[in-house]
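Student: The structure under discussion is supplied below as structure tokens; questions concerning it will follow.
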Amino acid sequence: MSLPSDYSNEISALNREVLKAKPSDVLQFCANFFLRRLESQRAEFLLSQRHSSQKGGGMAESSFPGNNPFGTSPSGGNLATSGMHRLAEEEENDITASPTASSFARSGMDNTQQHQQHGQFGNFGGFGGFQESMDRSQPPKSQSSGTVGSSDVQSFPNNYNMNRRTSVSAESLNPTSSLHDNWTPPFHYKSADQQNRLKTAVSGNFLFSHLDEEQSNQVLGALQEKPIPTKGIKVIQQGDVGDYFYVVENGSFDIYVNKSGKLEAGPDGLGTKVGTVGPGGSFGELALMYNAPRAATVISTEVSTLWALDRVTFRRILMDSAFQRRRMYEGFLEEVPLLSSLTPYERSKIADALETRKYPAGTTIIKEGDVGESFYILEAGEAEVYKQGIDKAVNRYKKGDYFGELALLNDAPRAASVISTTEVKVATLGKNGFQRLLGPVEGIMRRNDPSKMGSDEVDPLAKGR
């Protein structure tokens, strides 16, 4: 009996990640991998169903496809009631906290916080549905204790997810929750000089490249300037809870990773230096994106300036934008004939790698003879193909058509020029992503190459649809 295709796809993806990362703790790596996949699937489901959800409520847990591991609220309601009220209060407190205080000297969570994590939402730090299954595998607790002792926590590995904050988990499974509540991003006044410096600092950062004008203004308003007065300041410490994302305006920061999973005492406690971040760079996003402890320690090497974005705003705006963009591209890619043979998982990987570009009418998108660096899929608008020596267009492109692949397949100069006839919007994929993600359809693209059919009158980029 053959295994389900979805199962085979997931295992294949896990195998690729294991080969790439070569983790020392395989079990933890696999657990983290499937947790991220589950969070992604649930978020996408909620996004696709948000228009059918009841006003003021959330998606019913029973409507999630497959077996629901998150269970339901013990009270019979959903997390949008009293539980979420407590989370909202916690987030408000987080926003007003100093982003550097937790990094320079952090002693960990107190017993009250630990009790909230273990007692209210279950041992997995998330959604009551894990409580029952986890209780079966652990010794029963005293009914009179009411708290979790330090020995309970220390019995787990350092990198175990026991100390994840419940609010992070709740947010991660509904990145579009900002669409359904009255949350407004914080705003910090900036002088004209600060605004100019900030725009320069974030201009080349990929995390900001997909935001629309409204989202960009919200993020810029929420960022706070954080001067770093000297070298040797630990901005974030490995193993800590992640509360802020940082963009470097000036100065530099060294990145250290300790194999133990946390910063330790002693001359070698930092671990191994793995990189340096300079102006325009950023750090701290991984802990916020994946609800994981800080994966590295970051230390200033000189007087520097950072811009900090709090965790709530980061997830509400940046991750919400990423999920919406991914869903949009997945829907678009389903309509591209070339990619119809790919699995949904393969198309989702392509969607994550695509970049959006817009061109006004009359723009030369690619020029004959140039080196090919990108592959293009036309999202909207129309374009025409021209070859030197031929006065009229040799081909026309419309929504769903693709071009620019032959220069990447054959490592050759562009065979023709493509000029927009209307305002166009294209999805682009760089050379590395093209070679890594479009391998399954390479044969189709080569078969659709008219230059190998002996036709001298047709642009080699033209496709027989």
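Along the chain as shown, the residues are counted starting at 1.
Placement of Cβ uses the backbone N, Cα and C atoms for every residue, glycine included.
Where the annotation comes from TrEMBL, it is an automatic prediction and has not been curated.
Reproduced below are the annotations present in TrEMBL:
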- 49-162: region 'Disordered' (REGION)
- 64-81: compositional bias 'Polar residues' (COMPBIAS)
- 95-112: compositional bias 'Polar residues' (COMPBIAS)
- 139-162: compositional bias 'Polar residues' (COMPBIAS)
- 207-335: domain 'Cyclic nucleotide-binding' (DOMAIN)
- GLU285, ARG294: 3',5'-cyclic AMP 1 binding site (BINDING)
- 338-455: domain 'Cyclic nucleotide-binding' (DOMAIN)
- GLU405, ARG414: 3',5'-cyclic AMP 2 binding site (BINDING)
- 445-465: region 'Disordered' (REGION)
Student: Tell me which of the binding-site residues ARG294, ARG414 sits in the most Cβ-dense spot, judged by other Cβ atoms within 10 Å.
Tutor: ARG294
Student: Which of the three DSSP-derived classes (helix, strand, coil) applies to ARG414 (3',5'-cyclic AMP 2 binding site)?
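Tutor: Coil, per DSSP.
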Student: Tell me the Cβ neighbour count for GLU285 (3',5'-cyclic AMP 1 binding site), meaning other Cβ atoms within 10 Å of its Cβ, over all protein chains shown.
Tutor: 19
Student: So for GLU405 (3',5'-cyclic AMP 2 binding site), how many other CB atoms are inside 10 Å of its CB?
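Tutor: Summing over all protein chains shown, GLU405 (3',5'-cyclic AMP 2 binding site) has 25 other Cβ atoms within 10 Å.
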